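According to TrEMBL, the active site, charge relay system annotation covers Lys119, Ser194. Here TrEMBL flags Ser218 as active site, acyl-ester intermediate. TrEMBL lists Leu168, Ser194, Val215, Gly216, Gly217, Ser218 with the feature substrate binding site. The domain 'Amidase' annotation in TrEMBL covers 74-539.
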Amino acid sequence: LLLRWRRRRGLWRKVAEAQQRQERSLVRMETAVQRFREQNPSVNAVSILSLPLPELSKKLRDGSLPLDHVFYSYVGKALQIATETNCMTEYLQESENQLRKAKLTGKQGLLYGVPVSIKDSINCQGHDSTMGFIKYLNKPAAEDSVVVQVLRRQGAIPFVKTNVPQSLISYDCKNLIFGQTCNPLLYTRTPGGSSGGEGALIGGGGSILGIGTDVGGSLRFPAAFCGVCALKPTGNRLSKRGILSGVVGQKAVAAAVGPLAKDVESLALCMRALLCEDMFNLDSTVPPLPFNEEVYSSTQPLRIGYYETDFFTMPSPAMRRAVREMKQLLEEAGHTLVPFELTNVDYVMFHFCVRGLFSDGGTSFVKKFNGELERGSMELLFWLAKSPDWLKTLLSWIAKPFVPRFSSIIRSMKANTVSEVWSLHHEIEDFCHQFIAQWKKLNLDVMLCPMLGPALRIGYPGKLSVAVSYTMLYNALDFPAGVVPVTMVTDEDDDELKDYKGYYRDWWDRTLAKAFGGSVGMPVAVQCVALPWQEELCLRFMKEVETL
């Protein structure tokens with residue numbers, strides 16, 4: 001007991017030190033901004049912060065806007081949003097040295113002088129990538145991840161790292177080290193996750209471009225909840241070298257790295273910058289596919305599949321309305337909309353996604369939590385993963401008549417043999433080919449889909465892991481998918497929630513109705529999807545949705 005007490009005391013000391021570092025980061029930012037403002041009192045930060053990324057980067061490259069004016073304007077705004085929402089874990093002080101070097105050399109890339117925020121789990125040399133785990137504190141990365149290296153070579157200046165939920169397997173944004181991040185639009189709401197710090201910072205205007213990751217909606221939830229745009233590319237379109245993962249080694253549910261920004265044109269500029277020779281040379285496993293300008297700039301009418309529900313998670317009234325209104329606008333603009341029928345999403349969720357992530361019975365997931373002080377909203381999942389298979393079988397059998405979805409989750413978390421894992425991967429491949437065949441039979445270009453929203457109340461994502469069905473489907477399929485905010489919750493939407501029952505009428509459905517409530521004025525997005533490796537077409541469709 002004495003040894004355990006000493007060990008726990010040591011862990012709490014590490015947490016306190018990390019929190020002090022976070023505080024010192026904010027003080028450094030404040031000092032730097034104050035010094036700059038005293039030396040440059042006439043700089044209009046408001047006008048700089050209002051510029052969209054394409055215009056800002058053009059002004060930086062042609063010299064009409066000084067680099068330090070832009071940099072310190074964003075440092076000042078990031079400081080404000082970090083203070084309000086607790087979205088930031090660390091200020092990358094070497095960014096000031098990079099700024100000075102950029103001014104001296106004048107070497108310009110597509111993102112010359114653009115301040116960029118980076119998710120905690122993406123390695124930046126000399127800084128921790130904690131994933132919200134105490135065990136990863138004081139273990140700075142030896143080198144930048146490939147994505148960060150390419151950003152630097154394109155002239156971008158990574159300046160802050162942002163908060164994540166513990167383990168990344170969550171769409172909330174809280175951990176024991178850095179605490180809860182709030183939604184900048186309404187502090188009682190979650191910013192989404194696991195790229196929640198990015199969503200909050202960009203949604204609040206404290207960053208113009210951010211990089212996050214997505215294994216079940218981790219880019220799309222924060223963007224949709226905070227009213228910004230994001231793109232989850234095909235899993236291997238951008239390099240994942242030097243990026244930490246919630247469940248290492250699993251291949252069933254494809255993870256991806258991608259950008260978040262205020263608008264679609266900014267996402268396209270980021271993809272243009274990243275899909276370059278540097279990326280392909282630094283990571284030869286990434287296919288050398290440069291950005292296809294012709295596809296992105298095409299004005300040909302599109303043939304668009306759409307659906308209002310996946311028949312697993314009942315959409316909120318605002319979600320359904322967002323798809324219907326968007327369908328009408330797209331038809332009026334000359335595009336063809338074709339109904340697409342989704343089937344067996346429950347099977348995809350339990351058999352492909354849950355079973356795929358926990359094929360080892362949850363052993364590697366449990367190992368991540370060894371020696372941690374707490375498990376937060378992961379407690380139930382952790383307990384299930386830790387349970388022996390005979391207990392999982394028994395619990396699944398007992399729960400089936402009362403809570404069939406919970407029963408399916410427990411059953412899907414049993415350990416698999418190697419041959420069962422191979423069989424699962426083969427089944428996912430088959431499902432993907434069937435989905436593409438259905439897509440091609442309808443001769444579709446892209447797909448318009450619902451996106452979970454509005455932002456849930458803080459603490460609710462941990463109770464509602466089943467609600468990730470709209471996003472996670474496209475990780476299982478490994479299709480590019482982006483989100484664009486298109487409307488806001490109305491009083492009528494909120495009133496209609498009283499009739500929300502869900503498809504299963506279980507505890508999860510009742511809880512989701514509560515989590516959606518009281519959200520008048522909050523943004524609601526739609527999801528835009530394309531076939532694998534067609535990120536440019538996906539962005540082109542997103543741009544069309546945004547414009548309309």
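Just so you know, glycine gets a Cβ as well, placed from its N, Cα and C.
On the structure: features taken from TrEMBL.
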residue: Lys119; record: active site, charge relay system; Cβ contacts under 8 Å, 6 or more apart: Lys161, Thr162, Val164, Ser194, Ser195, Gly197, Glu198, Gly210, Ile211, Gly212, Thr213
residue: Leu168; record: substrate binding site; Cβ contacts under 8 Å, 6 or more apart: Ser121, Met131, Gly132, Gly193, Ser194, Thr213, Val215, Ser218, Leu244, Ser245, Gly246
residue: Gly216; record: substrate binding site; Cβ contacts under 8 Å, 6 or more apart: Ile169, Tyr171, Val253, Cys353, Val468, Thr471, Met472, Asn475
residue: Gly217; record: substrate binding site; Cβ contacts under 8 Å, 6 or more apart: Tyr171, Leu452, Val468, Tyr470, Thr471, Met472, Asn475
Notebook entry, point to check: Max Cα-Cα distance in Å among Leu168, Ser194, Val215, Gly216, Gly217, Ser218, the residues listed as binding substrate?
Noted result: 11
Note to self: Beyond the listed site residues Leu168, Ser194, Val215, Gly216, Gly217, Ser218, identify every same-chain residue whose Cβ lies within 8 Å of the center of their Cβ atoms for the substrate site.
What the structure shows: Ile169, Ser170, Tyr171, Gly193, Ser195, Thr213, Asp214, Leu219, Phe221, Gly246, Ala255
Item checked: Overall pLDDT of the domain 'Amidase' (74-539), taken as the mean -> 96
Checklist line | Val215 (substrate binding site) CB neighbourhood, other CB atoms within 10 A | finding: 25
Check: Looking only at Cβ atoms, how many others are within 10 Å of the one on Ser194 (active site, charge relay system)?
Finding: 34
Margin query: So if I draw a 10 Å sphere around the Cβ of Ser218 (active site, acyl-ester intermediate), how many other Cβ atoms end up inside it?
Written below: 34
